[in-house]
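Record features (TrEMBL):
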{"type": "TRANSMEM", "residues": "32-52", "note": "transmembrane segment"}
{"type": "TRANSMEM", "residues": "59-76", "note": "transmembrane segment"}
{"type": "TRANSMEM", "residues": "82-99", "note": "transmembrane segment"}
{"type": "TRANSMEM", "residues": "111-136", "note": "transmembrane segment"}
{"type": "TRANSMEM", "residues": "168-187", "note": "transmembrane segment"}
{"type": "TRANSMEM", "residues": "199-225", "note": "transmembrane segment"}
{"type": "TRANSMEM", "residues": "237-257", "note": "transmembrane segment"}
{"type": "TRANSMEM", "residues": "278-297", "note": "transmembrane segment"}
{"type": "TRANSMEM", "residues": "317-337", "note": "transmembrane segment"}
{"type": "TRANSMEM", "residues": "349-377", "note": "transmembrane segment"}
Amino acid sequence: MKNSKILNALFTASIFSLLAFQQICIPEISNIPIIALLFSLIATALLASKTAKLKGDKLLIVAYFLAITSYMISVIESPDKISTLSFLYFLVIYLIFFISPKNPRQLISKIPNIGILFCLAGIGQSLFQSFGLSFYDVRNIFPEDFILAGYNYSYETNYGSGIYKSNGFTLLEPSFFSQFLAIFFIIEVHNKKRLHFLAAFSIGILTSYSGTGFMILGSWLIGLFLTSSIGLGRKLIIISFATIGPLTLFLTNEYLLNRIAEFNNQGSSAHIRFIAPFLNYFNLLGQLDILGVMFGAGPGISDRMQLGNQANYPALIKALMEYGVLFSLTYLAWWMITIKRMAQPSLRLPIFTLIFITSGSFLQPLTLFTAWILLFFSEPTNQDAIKSSQSMHNEKLRLAQR
C-alpha cells in the first residue's frame, strides 16, 4: 500500500511538472529545460523507493553503441563542427527508458484530471481576448532568463489580428497545447468517458489554432479503423465520408486554405516543420561520403550547418543527419517495438505520430518524457499480452498434468 501511494504521488508530480514547467529553463546552463532536472529527480525517487526497476533493453543498448561509434568517427573526421554537449545530452536523456515503474495499474487514466486545468486555462486565454483583455501566460510571471529560448510560445492567429493562439498558460507552444489536449481526449475516451471533459478538450484544441492536435486525433482514428472488425465495404463507405467532410471544410474555410498554402512558403510554420527538414537533409547528403551517410555528420551538426532552409527537424531526420543510417534504423526499430509492446492499442499510432511527425523530439525532453509516461505507466491491454498470458497459463497446466 505504501509503495502504491508513493508511485501515485510521483506519477502526479511527473504529470504536473511536465505541463506546468514546459517554458521554464535552468538559467545560464545552455538553455536546458527544468523538466530535465525534475524528471531526473523523479526517476531517482522511483528507484530509491523501489517503486520502479531498471529494465534491460537490448535494442536501445545497440542504439547507444552505434551513437558512440558515430561520435568517435565524427571526432576524428570533423572535431570542430560537432557538439559534444549534444552527444552527452542524448546519452543522458534516453536513460529514463531503462526505468520501469512497478505495477502502474493504468495510472495514465488519471492524466485528464490534471490536463483539464491547463485546458481551461487555454480556453480562458481565448475568452479574455474576446473581451478585449491582453494575452497572458507564464512569461508574465517569470523573468526572461528563466524562459526557454527559441520557441514560438504564442503568436497571432493572423498577422495583425491582435488575437493570440492559446497555449494553456504554461505549455511550450500552441502546437504542443493542441497535441497534449488530443492525447488527453484519447485517454478520456478509453477510460472515464466524461462528456464535459471531452467537450472541454475539443474546445481547447480549437483555441490553439493548430493542426497538430488534429494530426494526433487523426492517427488515433486511423488506428481504430484499421483494427475494427467491420467489413471492407463499410470501411470504404466510411473512408469516402471521412474524406468528403474534411475536404469540404478546407475548401470553404479561408483560414484553413491559408494554412495549406504555408507548405510552399519558406519560413512559415508548415514549411519549417514538414518541408525544410527533408530539403536540408538532401542538401547534406550531397556533402557526405559513404561513411558520413552510414554514421552521420556528427552530434549537433543539424544546428550548426547552414543548409539553406530554416527547419525544425523531426526525430528521424535529425538522427539520420547526426548519427547516420545504421543508428537511425535501430532507433526507429526500437521505438516501433517498444510502442507495440508497451502502449495501449489506442495510443500506439498517436505516440508514433508525436515522436516522428508533430514535434522535433529527438533531443526534446518534453516529448520524450511524455512518451515514457504513456508507455510505462499503463498495464498492457493489447491482444499480444493477453495471448502471452494465456500461453503461460496453458504451459503451467500442461506441466502440472505430467
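Residue 1 is the first one shown; counting continues down the chain.
Each Cβ is built from the backbone N, Cα and C atoms, and glycine gets one as well.
Whatever TrEMBL says is automated annotation, not expert-curated.
Residues 3, 6-7, 10, 13-14, 17-18, 21-22, 24-26, 93, 95-96, 99-102, 148, 365-366, 369 of the same chain lie 6+ residues outside the transmembrane segment (32-52) yet bring a C-beta within less than 8 angstroms of a C-beta in it. Counting Cβ pairs closer than 8 Å and at least 6 residues apart in sequence, the transmembrane segment (199-225) and the transmembrane segment (82-99) reach fewer than three and form no contact. Within the chain, the transmembrane segment (111-136) has long-range Cβ neighbours (under 8 A, six or more residues past its boundaries) at 12, 15-16, 19-20, 154, 163-164, 166-171, 177, 180-181, 183-184, 187-188, 191-192, 194, 197, 200-201, 203-204, 207-208, 373.
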